[in-house]
């Protein structure tokens, strides 16, 4: 089996073929997801809430992400793995390099950082040192206390223009992927069309190049799930078919539908 690479993901964008991504935290589920054709997985700091039972992602440590990245890599040798850099793990350039190296050694293909234009120097430094970077804009869960909760971002002209500016700036800094969370569909389309790199949406409509969901959300485990979530297990009947259905509906553009999107 051929490993998934950024070259492949860039080609998918060029061909306007959508791809599905899912969070993974252990070897067993990672193997199951790979069997269903999921080629990109995110070891997300969402594990703080889904696995550890915290109210936010803030308590998650680098060591937590390292541990779960190793577990996921053990379950799927060919998958493209993105590992979250958790809260305050990239506050300084030195810290960023040290922690990114830990995640790459654990089996990640790329690290993900939350934040806008202020990350330019950090991203530039990491990419110059051969660390592929994914940025995360829109609703950034590590900033939940500053944002005042989990709210849709970019609804007014000023904030929308800032997100567009941030996306362009971060692409110039060297990011190779962008996650765009909880923004209106029209803004997601503007950013996706503007950038040369693939954009992965979550709560951003079906106009992005790819989609990502927390695995617990796809399987209907989450209590009071967000609007953009669909319970694929309810329709499919078993976990394997649920993941396959998620992948198929993302690739065909069926999911997310209007009922899962913000306008």
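Glycine residues also receive a Cβ, built from the backbone N, Cα and C atoms like all the rest.
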Fill in: From 35, 63, 98, 114, the one annotated by Swiss-Prot with 45, 84 for Mg(2+)
114
Discussion item. I'd like to know which of the recorded positions 46, 112, 181 sit within 10 A of residue 84 (Mg(2+) binding site) at the Cα level.
Written reply: 46, 112
Worksheet item: Does anything in the same chain, at least 6 positions from residue 114 (Mg(2+) binding site), have a Cβ under 8 Å from its Cβ, and if so what?
Response: 135, 136, 140, 141, 142, 143
Discussion item. Give me the CA-CA distance between residue 181 (active site, proton acceptor) and residue 46 (3-methyl-2-oxobutanoate binding site), in Å, as a whole number.
Written reply: 13
Worksheet item: Within 8 Å of the Cβ centroid of the Mg(2+) site residues 45, 84, 114, which other residues of the same chain have their Cβ?
Response: 44, 46, 57, 60, 85, 86, 87, 112, 113, 136, 141, 142
Item to complete: Which residue among the recorded positions 45, 84, 181 has the fewest other Cβ atoms within 10 Å of its Cβ, if you could check?
Response: 181
